[in-house]
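Colleague: Sending over a structure as structure tokens; questions will come in a sec.
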């Protein structure tokens, strides 16, 4: 079983290998292929198109037992929009591919599409194409989103520099706690609704991403979809640097702290290893601190400085005297 | 069961309805949304981007029992490239979304990806993004292709005019016969290999589509993916016209005629109602006949004039004294 799992995971690498085979023969208008949140294509002097695709499969990415179809329709859009936000772009068009099982109920589908449409409206996206197929046993939705922006403002993963500050938007871990609460059927207790919503209907940081990109202050950026330990490791690998995170600076909501105690899961595990927060992680030079805080405050949003970029490699969590390499989720004591 | 089927088919319309709700609020750089082979987005003065997506699901769109994975990988690209060819465009980029079942075998997957890659090379496509997910029981592949071309040359479905000639490229019905031969396990007899190949590994008409678009002679064009009776009906509906097809002019390969006799299926059913030929159907004014024949001959390709566009609606098959409305596949005597 674990062999199977490894094999499937390695398919991501296989797709990357196809991309590697293409090296040197890419069209000159392709600025970034596989390897960032979006592909980046130059469409005219100074303007680029951003392209991204994401698939959700029943029983793998969502459980219809607790994921209301309306929120699922919204989430199928949001997870892609978040990839556009991660580059600092403006989402514009969507393509929808729906795989509908024989057992699918009409009302269920209508609610899904109502949610899908409401998210299109929220992000001013225009649906420009689609495909509807029978999918056998499982509901499946694959969405492609196309965005655009100024070429000079695109924020890649690869620009982090030693000495940079590492920032994250909002709170981390809420979505992971929400998922766990749903799994355990504990969705009706106290303040958990914001956590559950963070899992069911995440809100990508489009306005923040655009503003940060326009400011020219950001060196590297991506969205937090697989957990900070993994996503910051992607930035470090792409940039050829390492990072230190200060455990005390990781932004934790009150609701998360209560839920973590209740769930008996270490709160930092949820915040650093839990996925699907769809917040932004980005780096800036250390003298941009005040400008970033002012820019974010003007948008009515919230960011935290959680650490800094260092020479070397890996993502190191600093907690008291302890330093642990948490790159790609794997906790491993190094001191 | 039939209720379910109708419901699912009507989801195509539901996606079209989402598009209809958007009317008036589309961005000004969107020239064509849902309703043609590709969406058309203006990317710079005089240039457009073409976008299309298509999904193949195991047991629905292909039978792994007879569809070799290498050819399936190729076909997942080709069916999308054909949509680009249908507008007269030049395919450029691809995004791949793979749903891999737990039972999937490593060699099978490697062969699939080898076929996928070979088709990328054939059409000079660059893979720029992708997503790999567990899909439960069935293998599933969703591909998005992006092409580009001159805005003034784009061939839509909606330009057919009364009096136009109706042309099709290549032969019709080969893929439908190939599918039936595969279904019945009759793939090793005589000349059937070209028919089986037409089903397993279709060859979209990219060079022909581009040349036709550049010529400025084409009024309307699309690819023949659902059978001429259906696809020409789409052109007629979009253009507000009707069409007459001369049964004797429908291009039938020798192999098809032999196979149809052997399969005991009327050859015109295969040629007009059978899908997946991925040939082009297009209309031109009647005085362009010689220019079209000369252009196509220069490319070493073959087209047939199969009828003409008339006022009114519907696709009428003329066979001796009989006239039958065959729009959208449904044979129905009207005289």
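Please read every residue number as a count from 1 along the shown chain.
In case you wondered, yes, glycine gets a Cβ from its N, Cα and C as well.
Quantities reported herein were computed from a predicted structural model and do not represent experimental measurements.
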Colleague: Which one, A:83, A:188, A:254, A:269, is listed by TrEMBL in the same Mg(2+) 3 site as A:37, A:223?
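Modeller: Of A:83, A:188, A:254, A:269, A:83 joins A:37, A:223 in the Mg(2+) 3 site that TrEMBL records.
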Colleague: Of the binding-site residues A:37, A:61, A:157, A:225, A:226, which one has its Cα closest to the Cα of residue A:131 (Mg(2+) 1 binding site)?
Modeller: A:61
Colleague: Measure from each Cβ of the binding-site residues A:83, A:157, A:225 to the Cβ atoms of chain B, and list in sequence order the residues where some distance is under 8 Å, or 'none'.
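Modeller: Near chain B, no listed binding-site residues qualify.
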Colleague: Counting other CB atoms within 10 A of each CB, which of the binding-site residues A:53, A:225 comes out lowest?
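Modeller: Sparsest of the binding-site residues A:53, A:225 by Cβ contacts within 10 Å: A:225.
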Colleague: With ATP as the bound species and A:130, A:131, A:157, A:225 as its recorded binding residues, calculate the greatest Cα-Cα distance and give it in Å as a whole number.
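Modeller: Looking at A:130, A:131, A:157, A:225 as a set, their Cα atoms extend up to 32 Å apart.
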Colleague: Helix, strand or coil at residue A:157 (ATP binding site), per DSSP?
Modeller: helix
Colleague: Reported as an integer number of Å, what is the Cα distance between residue A:52 (Mg(2+) 4 binding site) and residue A:223 (Mg(2+) 3 binding site)?
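Modeller: Their Cα atoms are separated by 13 Å.
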Colleague: Check the Cα distances from residue A:37 (Mg(2+) 4 binding site) to each of the binding-site residues A:61, A:130, A:226, A:276 and keep only the ones within 10 Å.
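Modeller: Cα within 10 Å of residue A:37 (Mg(2+) 4 binding site): none.
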Colleague: Could you round the CA separation between residue A:157 (ATP binding site) and residue A:54 (Mg(2+) 1 binding site) to a whole angstrom and send it over?
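Modeller: Residue A:157 (ATP binding site) and residue A:54 (Mg(2+) 1 binding site) have their Cα atoms 19 Å apart.
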Colleague: Round to the nearest Å and give the CA-to-CA distance linking residue A:53 (Mg(2+) 1 binding site) with residue A:130 (ATP binding site).
Modeller: 13
